[in-house]
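The next block holds one structure in the form of structure tokens; read it before the comments.
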Amino acid sequence: MGLTRVLLKDGGFGTQMTVHVGDSVDGDPLWSSRFNATNPAAIISTHLDFLQNGADIILTNTYQSSVDGYMEYLELDEEQSIELIRNTVRLAHIAKERYLTECYQAQLAMPEGYPLIIASIGPFGAHLHDGSEYTGSYADYVPAKEITDWHRVRIEACLEAGVDALAIETIPCQMEAEALVEMLCDDYPDVKFWVAFQCKDENTLAHGETFADATNAIWDLLAERNAQDKCLAIGVNCVHPKFVTPLFKSLNGDREVGEQIPLVVYPNSGEVYDVVNGWQGKEHCVPLANYVPEWAQLGAKVIGGCCRTYARDVRHIGEAIRDWNKLKKLS
């Protein structure tokens, strides 16, 4: 599954889902994952929104799904919690089948194997519901094995239900990324994945490590295991879009095109979250589609959106990606 063209990822799942369920997502300890149990039709509809707006890739709604979270907040037992995670992946498959049926009826051709279903594997900090996914503070006191054991349950549930790859995403610290990549290489040698870091500025991860150093460390780790072909891309998500170009330049700026590390990027809209007033600054946002050429030039192979990006934003990003892919074909 080496990526020969730039692919369009979906947008912010919790954001687009508000179209179907209203503004009842932010502040819930399970976030959008609660609706996997309470409103599966809304999950399918949200996936379909992105597919109908051109997404090549949809992520399962499992970012904040965990056995301990479901046991605590939905009062499920362990097996019921694991089955809910599996079923969440199945909802993405239902949406894909519906979309492919629509394409067939409209006589629209889809590339073989697409759209891809990739499992959202959010950070250990997300289930703590204390904001530590944006600081990585748990890296200072939680052992790597505890983190990988926690991740393994959800990863196995997603793999059992059937996904094309894993999105290891919003990872705030180098330690968690390295531990997960080692585990995947050692225990799941056939599984493809990408790794997307959460960064606090144009240079560093949320926990303070340098983005270029952390990414190079992952790339070297993969090289040592002869496993770079397992990794679809490394990059960033859930960041302000203005940070992305300097982050990517710090890594790939001096590399020849053939030597670039493949990158993935799905930033927030550019709005900034305020605890009291919610998301602010929509009127000042530069459309994400405007950034596509510079990010693709720096090696981005997957581009989409995260918080506050809707299906319509995905459509606009997709138009810019199509233009870029066309240009590269001609050159």
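FYI, residue positions are counted from 1 along the chain as it appears here.
Even glycines carry a Cβ here, placed using N, Cα and C.
As given in TrEMBL:
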type: DOMAIN; residues: 1-321; note: domain 'Hcy-binding'
type: BINDING; residues: CYS238, CYS306, CYS307; note: Zn(2+) binding site
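When the binding-site residues CYS238, CYS306, CYS307 are compared by the number of other C-beta atoms lying within 10 angstroms of their own C-beta, CYS307 comes out lowest. Mean per-residue pLDDT, taken over the domain 'Hcy-binding' (1-321), amounts to 95.
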